[in-house]
Amino acid sequence: MDSSVGATAPLSSPRPSLSAEGRARLFPSATDAEWTDWRWQQRHSVRNLEQLERYVRLTPEERAGVQETSSLFRMGISPYYLSLIDPEHALCPVRMQSIPVRAEARVRPGELEDPLGEDKTRPEECIVHKYPDRVLFLALDTCSVYCRHCTRRRITKGGEAELTKDQMRRGIDYVRNHPEVRDVLISGGDPFLLSEERLESLLAPLSEIPHVEMIRIGTRVPVVLPMRVTDSLARLLRRYAPVYVITHFNHPKEVTPEAREACERLVDHGVPVENQAVLMRQLNSDARIIKELSHVLLRSRVRPYYLHQMDVAEGCEHLRTPIAKGLEILEQLRGHTSGLAVPHLAVDLPGGGGKVTLQPDYVIERGERETLFRNYKGQTYAYPEPEETDCSCPYDEVWQARSRELGFRGR
Ligand code: SF4
């Protein structure tokens, strides 16, 4: 047990704004109006070696990485995200997530172009239907920052295109024609880069489908382009509730005041926000960091939901952690901090097997009369089994009929 996993400083404590510091250093002529305009940020995204070298003194590994990956996967870094980079340290988590290194150009044995086997279950260009009651809706292939750990790079390395009207219509028709689909996850690319008009043209018809009970949107915008989360965007999402936003902070350094404001704006408008982090070697592969991330997210009203084991995507081996590291981190969180701060540790099985979750094994012995556990302090406790073991729920038939009558299902 590692008692060194410490508490985090309160968010309200005075601290310098990283992005203000970086902005003053890198973009001194940007006006406030420009800096807070997400379209300006997009237009000034850093996309090639020449531009990047104007802002960051690259290591030889990074320079070679940018060159060697240029035909493999896009590079793009918003000025805002660039402003968070530590100019002095190549292992800065923001830097590691946005600037390629040479290792990324190498494909190792076992790595897959489509690590989650999504293309095998892709009945339409924009639909992945892998699980029984939910689909993934790929709305575009564009992102604000191209994450070096992206496991959907076969899609995000395309031509920076949105769906055509016909492709979008076919995707919506697919959902309409599959009554088993109750949950639609819109992703891409980053759906928050769509114009509000375009996003609404997707949300409105989906939310009218009676069997669609909820919509989720996967986005990295609160992390890399928080100025995009305007009141008007938040109001739009609220109109189509329940819409859940699933975002992707990987390190507490990313939870800046601007990022926090973006998340809180969504929550204030009634849009729940959850976080899926990816465990990455030397970036966040430490219980102290994950604990701090969870705490700072909860203080920003974002629920730490998943901690993902890195998928076996091409060019990501150098960032992958052993499975044992995730379990060790969980062991150092469970019991040591609030349950809400302990994300599910998930492995998405290579080739399309779907997600499984892992946790340390707390069972010492399973008996008929009792189960023996160890707790987070390593102490042993017995849980007695009940006398009665019939777990059927006779009222359920009644409830099912009644809830159908009352129209409980649907939006
Ligand atoms: S925002 Fe998501 S889809 Fe885009 S590059 Fe990052 S991980 Fe990939």
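Using the three backbone atoms N, Cα and C, a Cβ is placed for every residue, glycine included.
Here's what TrEMBL has on this protein:
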{"type": "REGION", "residues": "1-22", "note": "region 'Disordered'"}
{"type": "DOMAIN", "residues": "129-340", "note": "domain 'Radical SAM core'"}
{"type": "BINDING", "residues": "CYS143, CYS147, CYS150", "note": "[4Fe-4S] cluster binding site"}
{"type": "MOD_RES", "residues": "LYS355", "note": "N6-(pyridoxal phosphate)lysine"}
Three-class DSSP secondary structure - CYS143 ([4Fe-4S] cluster binding site): coil
Minimum Cα separation from LYS355 (N6-(pyridoxal phosphate)lysine), reported as the residue among binding-site residues CYS143, CYS147, CYS150 that achieves it: CYS150
Cβ under 6 Å from ligand 1: qualifying recorded positions of CYS143, CYS147, LYS355: CYS143, CYS147
Sorted by sequence, non-CYS143, CYS147, CYS150 residues with Cβ within 8 Å of centre, [4Fe-4S] cluster: VAL145, TYR146, ARG148, HIS149, ARG152, ARG153, THR156, ARG220
Chain-internal residues, separated by at least six, CB under 8 A from CYS143 ([4Fe-4S] cluster binding site): GLY76, CYS150, THR156, GLY188, GLY189, ASP190, LEU193, ARG220, VAL224
For CYS150 ([4Fe-4S] cluster binding site), the three-state class that DSSP assigns: coil
Intrachain C-beta neighbours of CYS147 ([4Fe-4S] cluster binding site), sequence separation six or more, cut-off 8 angstroms: GLN97, SER98, ARG220
For the domain 'Radical SAM core' (129-340), mean pLDDT (0 to 100): 96
